[in-house]
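Undergrad: Found this in TrEMBL, in case it helps:
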type	residues	note
DOMAIN	54-305	domain 'G-protein coupled receptors family 1 profile'
TRANSMEM	39-63	transmembrane segment
TRANSMEM	75-96	transmembrane segment
TRANSMEM	102-133	transmembrane segment
TRANSMEM	153-170	transmembrane segment
TRANSMEM	201-222	transmembrane segment
TRANSMEM	253-280	transmembrane segment
TRANSMEM	286-307	transmembrane segment
Amino acid sequence: MDSFRAPENESLLSSSSGPARWDPFRRPLDSIQPWHFRLLAAVMLVVTSLSLAENLAVILVTFKFKQLRQPVNYVIVNLSVADFLVSLTGGTISFLTNLKGYFYMGYWACVLEGFAVTFFGIVALWSLALLAFERYIVICRPMGNTRLRGKHAALGIAFVWTFSFIWTIPPTMGWSSYTTSKIGTTCEPNWYSGAFTDHTYIIAFFTTCFIVPLSVILVSYGKLMRKLRKVRSNTQGRLGTTRKPERQVTRMVVVMIIAFLICWMPYAAFSILVTAYPSIELDPCLAAIPAFFSKTATVYNPIIYVFMNKQVLYALKVSLTSISI
């Protein structure tokens, strides 16, 4: 297999029996009106600007105030870093390509965007899984009074980045590929190929980078909810002494996970559909909606983190007050 193969729709081909094929690296798709691309560019400008500002604020505030440097916040900052990088790479490139109406930056920029958005998106999902597992350990205490410390959070974060890289680098080395989407202004894993090698990668990728972290989240919170229900009926149980801040953080993480899944579930469902039925005919605009909607997830997490965490909200207000003065 050619390690550096171009996407299937990359080259303009012509023959005596038919017109040239559409090349997303040279011109817009004829069936899409120019104002559609301008609308998408405007949406991406707003989403990218908000995401960069919000996530940068979370990162700076958390590192500025010592009281916020707790293991759970390390993981949340890691999530903000991943969201920030998704917007910096994928959001910026998507804004620029939609201004033109096609992926004028070329094949290698397409590979870069496809890899970056996939890589940082998986880092974000695994960070949420890590948060869910951390909440289970802290609240349910399956290991007795063992406390999670900074080194444990650091090891978890190192695992998240390493594992995500291992499963998102193969398409750049020949096992499947990153290619343009149906609309031609974004890039993603090659869901549309019917080749056996591409199918094996997609199956492995979905299992390790979506099903497994989602299972960690569901199992962790399933056990957590059962424990919390016991507390309501028996306040003398070992969870009866659970501190209010811990419960508040748990609720915050639950809301973050729900928001993330709402944003990414349509894209995941769409990807499964086109992988199972690569010959399916979909309107390019309709097919583009799940991918663009998933990018809005980078905006919600910082809002949830700030407004559901009184310490962070107070620290942010102090920082803004000092800047205005």
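The backbone N, Cα and C atoms fix where each Cβ goes, and this holds for glycine too.
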Undergrad: For the transmembrane segment (201-222), give me same-chain residues lying six or more residues beyond its boundaries with a C-beta closer than 8 angstroms to one of its C-beta atoms, as numbers and ranges.
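TA: Residues 122, 125-126, 128-129, 132-133, 135-136, 163-164, 167-168, 170-171, 175-176, 189, 191, 254, 257, 261, 268, 271-272, 275.
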Undergrad: For the domain 'G-protein coupled receptors family 1 profile' (54-305), what's the model's average pLDDT?
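TA: Average per-residue pLDDT within the domain 'G-protein coupled receptors family 1 profile' (54-305): 85.
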